[in-house]
């Protein structure tokens, strides 16, 4: 049932229009195929007038510009949470090795592992460290021609994704290793860590979804990674199993930041959700112009993902996109009888239609079902916290107190 609804979801635009190929070659290595982009599916799009379109264009431009300005400031001032900065390479050498395999600088092509409307994802092996990497390959001219919003091209999405990934480093987030952008060529590459396991979706079809044990393990990783993003003022915007990759050791990593936004001063208000329709929060399905909390919308998407992992189907899905949105907004949540009461409570809390009453990720991390036998979800002591702590310790060692008066 789940796989049937999954395939249907692709046909109505829930996955296919986001740059994914819509199919997977099961014989190929499992890719980190996050070369996706979402089309804005507004349930009132047919009723919008020119004035509303202009207002949305201004808002879209303002939101994206705000994110880019914040990111540029953080990068320019070294406000990043990475122990090792992303390498930036401005020279591209394309060729072949002695076996006739194509090469990009130090990387030797192995096979194509994904494709999308923006470009393709190819598995490469580094001749320097012998490791495998997933490289997203783009043509800059194509990105500049491809319009994704009234005032934005696909190049804006890709550059914003790069900037976001440059400031982040976490074990539950796909890591950006290098960016190759030679101004003398039309090629642009993102070198990412290769996740050699599977998608969260794999194995989630009949006859029994994932089961509580696996779903709990995956959820803990998802919550840990997303809490880190929110703590660093990043809204993912498209949390769904397709963007959650599982390593061979079972660790979940969040990928695809192509529609993500950043905020500051605790102001996470957004308009026009860019995410996948069946994972869209009710407040994002309402008449355009209404703002919503990006963090609360991300949390709803976590709830839909958990529902999928546990029950093997979507909580709200209809025959058309319009009807799907109507169900998300108006239909009651249906949870089968006999489900673990603690799990039922968690799903109901995550999929609360009122965002002000919806569970926060902190609530989720402390929920009895999530704690289970594994204990509380550990707080990740990230690089910027470690760096700040070391500076405080260094200051104390030098006799400088945070509260000391320099005068």
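Positions of Cβ are set from backbone N, Cα and C atoms, glycine also.
Note that the structure is a prediction, hence the values are computed from the model and not measured.
What Swiss-Prot lists as region 'Disordered' is 21-64. Annotation source Swiss-Prot lists compositional bias 'Basic and acidic residues' at 31-40. The domain 'Protein kinase' annotation in Swiss-Prot covers 107-370. According to Swiss-Prot, the ATP binding site annotation covers 113, 114, 115, 116, 117, 118, 119, 120, 121, 136. Among the features that Swiss-Prot reports, phosphothreonine is placed at 153. What Swiss-Prot lists as active site, proton acceptor is 238, and the listing cites sequence analysis. Positions annotated as phosphoserine by Swiss-Prot, on the basis of experimental evidence: 260.
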Per-residue Cβ crowding (10 Å cut-off), top of modified residues 153, 260: 260
Overall pLDDT of the domain 'Protein kinase' (107-370), taken as the mean: 91
Candidate with the highest Cβ count within 10 Å, taken from the binding-site residues 113, 121: 121
Recorded positions clustered about residue 238 (active site, proton acceptor) [Cα within 10 Å; pool: 113, 117, 121, 153, 260]: 260
Largest separation between Cα atoms (Å) of residues that the record links to ATP, namely 113, 114, 115, 116, 117, 118, 119, 120, 121, 136: 14
Cα-Cα distance linking the residue listed as 'phosphothreonine' and residue 115 (ATP binding site), given in Å to the nearest integer: 19
Rounded Cα-Cα span from residue 121 (ATP binding site) to the residue listed as 'phosphoserine', Å: 20
Among 115, 119, 238 [recorded positions], residue with fewest other Cβ within 10 Å: 115
DSSP three-state assignment (helix, strand or coil) for residue 117 (ATP binding site): coil
Distance [Cα-Cα, Å, rounded] between residue 117 (ATP binding site) and residue 153 (phosphothreonine): 12
Collapsed DSSP category at residue 238 (active site, proton acceptor): coil
Spatial neighbour of residue 153 (phosphothreonine) that is closest, considering only the binding-site residues 113, 119, 121 and their CA atoms: 119
